[in-house]
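Engineer: First the structure, which I've put down as structure tokens, then a few questions once you've had a look.
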């Protein structure tokens, strides 16, 4: 098998590898060292998926050499290396290091040039997805960037800082990963109020959707009500784009004010600073009520009453789909037809935060000239 020395890969324990042993999550090792995630390859394997699943979570060195089972060409090894290599199996000594790390992850250096993956540097090509969840070295990050110390409550650091706007905007969009759950914002009894699980959004808002649509269906032509519902969903996609581009990313219009920085941080900056924090990803209901109220009043002021009920139900349903989609783009293995959208959104975080504002689609990005394509430039990094 060819040797790849140009990647910085992650280290995994044997126990971790053994846990990835199903058709939906299949890892194998080669030469008891290289780890491959072959889940996507199962359906494409010429010899069928059963021959691979028999070795899920195990080493495939001997079976790869066994021509009686299946002949493997050099290109088969190259495909494994280029497309499915995700990390290395820890030795006993390395495993001991893993067990002393609360996040059970240690990044190992495998490249010949001595470079390491740095999430705070925007990149042309996204790294392996597993890398996005490697914990930031808090101490080194603070020493290098002189920005926020992940060991201490973040909001008070911003309020007490002497950051200039350009420095704050530059640094807040450079991704970090806390690695121990959610980083502290307040560090006191208010902390639980800053966290929202993904399931809260449908539980809180789908009943409201059902109520408003139910009122519309009872009081107007049902086919027309469904049409207005669909219009509401479509209008939401434009609102989604507009809010993300002009409210969440009001970076250029930020005043030189710590209160403004703190507001920006709570509204959206925190998500860019810690994009893989699963409890700071969907919108807290309280914040959504504040943002939604003007739109609710506008819809009911402009449209006949029951038209407004149907249209608002569609818009609210569109929001629920958006927030759930946003969560799963960050935290799930998605079917093939969703992978381009996932890549597109992650590039908004790790490549260029000034493009790619659509989350559920890139339609409005194409309309308004903010499409984040393969040739798009990296966001500038002014402060190192």
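Even glycines carry a Cβ here, placed using N, Cα and C.
The heme binding site annotation in Swiss-Prot covers 45, 72. Taken from Swiss-Prot, the feature Zn(2+) 1 binding site applies to 244, 249, 268, 272, 348. Positions annotated as Zn(2+) 2 binding site by Swiss-Prot: 271, 326, 330, 345, 349. Annotation comment: Swiss-Prot describes 9-90 as domain 'Cytochrome b5 heme-binding', evidence class sequence analysis. The feature topological domain 'Cytoplasmic' is assigned by Swiss-Prot to 1-197, 247-284, 329-384, with a curator's inference given as support. Annotated topological domain 'Lumenal' per Swiss-Prot: 217-221, in sequence order, evidence recorded as a curator's inference. What Swiss-Prot records for 198-216, 222-246, 285-302, 305-328 is transmembrane segment, and it gives experimental evidence as the kind of evidence.
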Engineer: Quick one: what's DSSP say for residue 249 (Zn(2+) 1 binding site), helix, strand or coil?
Structural biologist: coil
Engineer: For the transmembrane segment (285-302), could you work out the same-chain residues 6 or more beyond its ends whose Cβ comes under 8 Å from its Cβ atoms?
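Structural biologist: Counting only partners 6 or more residues beyond its ends, the transmembrane segment (285-302) has Cβ contacts under 8 Å with 196, 200-201, 204-205, 239, 243, 247, 267, 308, 311-312, 315-316, 319.
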Engineer: Going by DSSP assignments with H, G and I as helix and E and B as strand, what are the residue counts for the topological domain 'Lumenal' (217-221)?
Structural biologist: 3 helix, 0 strand, 2 coil
Engineer: Compare the C-alpha of residue 272 (Zn(2+) 1 binding site) with the C-alpha of each of the binding-site residues 45, 326, 330, 345, 349, and give the closest one.
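Structural biologist: Closest recorded candidate to residue 272 (Zn(2+) 1 binding site) by Cα: 349.
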Engineer: If one looks at the chain holding residue 330 (Zn(2+) 2 binding site), which residues at least 6 apart in sequence have a CB under 8 angstroms from its CB?
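Structural biologist: The answer is 275, 276, 278, 281, 345, 346.
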Engineer: Just going by other Cβ atoms within 10 Å, which of the binding-site residues 45, 249, 271, 326, 349 has the emptiest spot?
Structural biologist: 45
Engineer: Under a criterion of Cβ-Cβ distance under 8 Å and sequence separation of at least 6, what residues of the same chain contact residue 244 (Zn(2+) 1 binding site)?
Structural biologist: 357, 358, 359
Engineer: Should anything in the same chain at least six residues away from the topological domain 'Lumenal' (217-221) have a Cβ under 8 Å from its Cβ atoms, list it; otherwise answer none.
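Structural biologist: Non-local partners: 306-307, 309-310.
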Engineer: Counting other Cβ atoms within 10 Å of each residue's Cβ, which of the binding-site residues 272, 348 comes out lowest?
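Structural biologist: Ranked by other Cβ atoms within 10 Å, the binding-site residues 272, 348 bottom out at 272.
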Engineer: Determine the Cβ neighbour count for residue 345 (Zn(2+) 2 binding site): the number of other Cβ atoms within 10 Å of its Cβ.
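Structural biologist: Taking every protein chain into account, the count is 22.
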Engineer: Would you mind splitting the topological domain 'Cytoplasmic' (329-384) into helix, strand and coil residue counts from DSSP?
Structural biologist: 24 helix, 0 strand, 32 coil
Engineer: Do any residues of this chain, six or more beyond the ends of the transmembrane segment (222-246), have a C-beta under 8 angstroms from a C-beta of it, and if so which?
Structural biologist: 213, 216, 291, 295, 306-307, 310-319, 321-322, 357-361, 363-365, 368, 370
